Structure formats: structure tokens, C-alpha cells
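Trainee: From TrEMBL, here are the annotated features:
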type	residues	note
DOMAIN	1-94	domain 'Alfin N-terminal'
REGION	98-125	region 'Disordered'
COMPBIAS	106-125	compositional bias 'Low complexity'
Amino acid sequence: KENLCLYGLLNEKWEVNLPVEEVPPELPEPVLGINFARDGMQEKDWLSLVAVHSDTWLLSLAFYFGARFSFDKTDRKRLFNLINELPTVYEVVTGAAKKQVKEKSSVSNNSGSKSKSSSKAVNIS
């Protein structure tokens, strides 16, 4: 088995390839050997594992560049909030992202109608 890595590309696509000879020392390294456990796992579980490793690498890169460009507390908080507005790779792979969108829309619909009815009750009293 080759020691393969998953790389995120600038065009928003992913590539599985052999590790580069030398990752620039300042950059977080991609996870090595994503294919080692593949044969002993169900495909769904293996894809979930790769997704989790991808999420950690992407977060490492985001905050590496935040530190490199001297983000202050406000900028780091904004970056964190922007990242949290998007689903993780793991959530997309497992389908949890779709469930969250459905739950959010049903919660916002229910909370909107509840707040209207409760405000009416307050006005009546």
C-alpha cells in the first residue's frame, strides 16, 4: 500500500496523491496514510474518517494563515464564525449537514410562530 495523502486544491477539489517530498515547514502537514485503514473498514466509516482528518487539516490551515497575517482577536473570532457557518466535510459526507438545514428551518418556523403567539399573549395581559 502506498502512503497516500488527501490534498485540498485551490479550485475547491480534492486530490489523493503520494505525499510531497517536503511540505514547507511552516504549513500544517496533511494526514499521511489515509488508505491504511481502508481495507479493514466499511467504506462509509472510512470516508467519515478521511472527512474528519480533512476537517482538522482545513482548520489548521485557516488558523495558520490567520496567525501568519497577524489576525487580532476580532479577526480570529470572525474567521471562526465564518467557518462555523459552513458545514464540515464530515457533516457533508455523513449527511448531517442536510439534517441540520432541515432542523434549523423547522426550528426557525416553530420559534417564529411561538414568538408571535407569546407576544400576543403578553399584549392581551
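Going from the start of the chain as shown, residues are counted 1 onward.
Keep in mind that glycine also has a Cβ here, set from the backbone N, Cα and C atoms.
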Trainee: Across the domain 'Alfin N-terminal' (1-94), what does the pLDDT come to on average, as a whole number?
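Mentor: Here the mean pLDDT over the domain 'Alfin N-terminal' (1-94) amounts to 84.
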Trainee: DSSP says what for the domain 'Alfin N-terminal' (1-94): how many helix, strand, coil residues?
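Mentor: Taking the domain 'Alfin N-terminal' (1-94) as a whole: 47 helix, 9 strand, 38 coil.
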